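A.B. asks: Structure incoming, see below.
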Amino acid sequence: GTGHGVAVDWWSFGTLIFEMLVGTPPFYSRNLQTMYRAILHGELRFPSKMSKPTRSLLTGLLNRDATHRLGSNGGAKQIQRHAFFRSLDFKKVLTRGYEPSFKPQLQASDDTTNFDATFTSEPLEGSLHDPAELANVEASSDLFSSWTTCRPSADAADSQPNNPMHAPPLNRPARSDSQHSDWSAASGAGR
């Protein structure tokens, strides 16, 4: 097969936005085979109260045809011009000009008091358990510095090796039509 182009990143962006807004990924099912089939062939469904600009953005980002996916032809600028982002000043975002609505007060770089115990008490599967391996990762903190996706400089909190920035996946119940009777399918989504 061939590699993936930037369109796969726009799909991922769409799934991230969807999960942040809805609480579950699009096409989610506890059964992996069912979920995979839904990703490939299922209808993209939205809560009925979701705004038209949000539906439009997600429909564009989650278009199965990568050549017609939002961002695939016009790049990030095409997405930035979308109605969903109309009130957002991207220059202000890049210069960190927006004041966060919530800024947690941390006691230390590894302070996890803002994370529910559901997450902090789970075993760290897939993590580095061997202190020697962890030391190797910490020693190569500039491993990705040449990547164009990295910021040229990071805040002190961001650069701390023990910053708890990743939570394990949530165990969400599968959606069913009876649970989500107020959801509707996206018109023409997922073509």
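Using N, Cα and C of the backbone, Cβ positions are placed for all residues, glycine too.
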A.B. asks: Check each of the ranges 75-101, 102-128 against TrEMBL and return the one annotated as region 'Disordered'.
C.D. replies: 102-128
A.B. asks: Please list the DSSP helix, strand and coil residue counts for the domain 'Protein kinase' (1-85).
C.D. replies: 45 helix, 3 strand, 37 coil
